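Copied over from Swiss-Prot:
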- 69-210: domain 'GAF' (DOMAIN)
- 213-243: region 'Disordered' (REGION)
- 280-287, 343-352: ATP binding site (BINDING)
- 481-551: region 'Inter-domain linker' (REGION)
- Cys494, Cys499: divalent metal cation binding site (BINDING)
Amino acid sequence: MQAQALDNVSKAAFSRREPRAVRTTLKVFPRKNWLDECMTELSPKTMHKRDLGCSGLYRISKVLITSASLEIKLANVINTLPALLPMRRGAIVVVGAEGEPETTATFGVEPPSSGARHIAAKAAIDRIVAKGAPLVVPDTCKSELFQDELQSIVSGTGQVTFIGVPMKADQETLGTLWIDRAKDGAATRTQFEEEVRFLSMVANLAARAVRLNGHESRDSRPIGEEGDRKISGGDKELPEPTRQRPTRIDWIVGESPALRQVVESVKVVAQTNSAVLLRGESGTGKEFFAKAIHELSPRRKKPFVKLNCAALSAGVLESELFGHEKGAFTGAISQRAGRFELADGGTLLLDEIGEISPAFQAKLLRVLQEGELERVGGTKTLKVDVRLICATNKDLETAVAEGEFRADLYYRINVVPLFLPPLRERNGDIPRLAKVFLDRFNRENNRNLEFTPAALEILSRCKFPGNVRELENCVRRTATLARSATIVPSDFSCQNDQCFSSMLGKTADRPLGSHSLNGLAMSKRLPVESPASLGYPAGPGGLTVAPHLSDRELLISAMEKAGWVQAKAARILGLTPRQVGYALRRHHIQVKKI
């Protein structure tokens, strides 16, 4: 074929070396070919610099970074283009779960008929998706690609020019952006080149938004299923299966009983507006489960907004959550909506909720109780409707007892607690997760690596104190350093005494039950009293090993030895007093008073 696909437009558009201009190339075709062929596939070549690229991309970017739903973003993109290009009609078409193009947002055209998935020019759209290359048809009347839709495309306006570009993310074509307009005999090749370049960059920005919203064609439902109707569909109802609520959490991998129990709880909890408190060690996937609750809830069409409370100071946190007025403080050059406003009607995830200061806890409590707030520096009261999900790996009960966390706020956020199991309590899921992470690495790096059964067995025996996050890092590190297409046991750092995490894992080498002694991250402490004084042999790292005892029995033994003083029992077990207190509550052990 004479031309090459315009694959790298998105990358070039945001090149650090050329921030204000995009250099692309177009293979020069003889003039007779341009007019006679009716269809021309374009490839990169140096194009003319024009303000259209800078100002236009800025406007499109502003549309895509809003907190609106994906359908609304795409609709706003297609409706912004007429102010930038001399277009008559246009549409964004995304490849659905079954591989069929589905019109998602339109401008200037009637919605597809009942049961139809596209507006017009299906053959042209199929060509763009299949080849991943732009398509320019100067006169649709002369192209066999448009014969079936010729009447609807021309519709009394005379000759029509068609321009379509692929929507690409990570070298995968996720859909098509196309426009058409009345043919302009004065249009030059340079003008076509500039418009193709600009549309390609817009399409790739839109594709990135599709990818980030989890609507890839290979593992998600069609975009139209996100709402009760398509953007361009007016009051036309979608087929019955589209209106059904999703019931699967496809991105949570695992079949262990501990995980499935949490998943089933998520499905039940998601149908309500109750506050949820996700608890578990770092790396257990609290954000994934929060997203699952949102996607399975009636609020799934509204925004899902998240904020890590531990990363911000109290002053900044207040501004981030509540917003601020112009001039409220130094640097507040404009009014800004807070996360509560952005999440209105949807779901707000507050990660590391246990790290917020007592002073700010009172302000947060008022918002949760009254459903209203004022921006920093403002006096106007704003009403918000937000479903709150909080996450923490902190022992909030001990924090309440010690006065570090308000009891009334604790009761407000702890309506439905969900405890996420650490990876070592579901090690049967490790091979599945490892394969998923390796497949992702292969796609990103164009590799074809695979594990041997022995390698998967090695992974299954690891403790992974960092849980799923650490497992992913382990897989990526091993895959990066692998010297052959097959990963064998000797490729793992832990087999060569080069893995620090394997040393941390030795501190958790005794048997652990569900939500056991380390409900939070296990960490080795220097014991004041010898673990052997409990009557058990010392295990790796100097910690006690009692294979015949359950965690509950081991905890009771330590407490009895310590005279039911939690701090002393913590030193015996190599834990913190907070972890011991957490374990006592999890195992429903009543502390005896001596």
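The backbone N, Cα and C atoms fix where each Cβ goes, glycine too.
Note: the CA-CA distance between Cys494 (divalent metal cation binding site) and Gly280 (ATP binding site) rounds to 25 Å.
In the three-state DSSP scheme, Cys494 (divalent metal cation binding site) is classed as helix. The average pLDDT computed over the region 'Inter-domain linker' (481-551) stands at 53. Summarising the environment of Gly283 (ATP binding site), the number of other Cβ atoms within 10 Å of its Cβ, over all protein chains shown, is 21. Reduced to three states, the DSSP call for Lys286 (ATP binding site) is helix.
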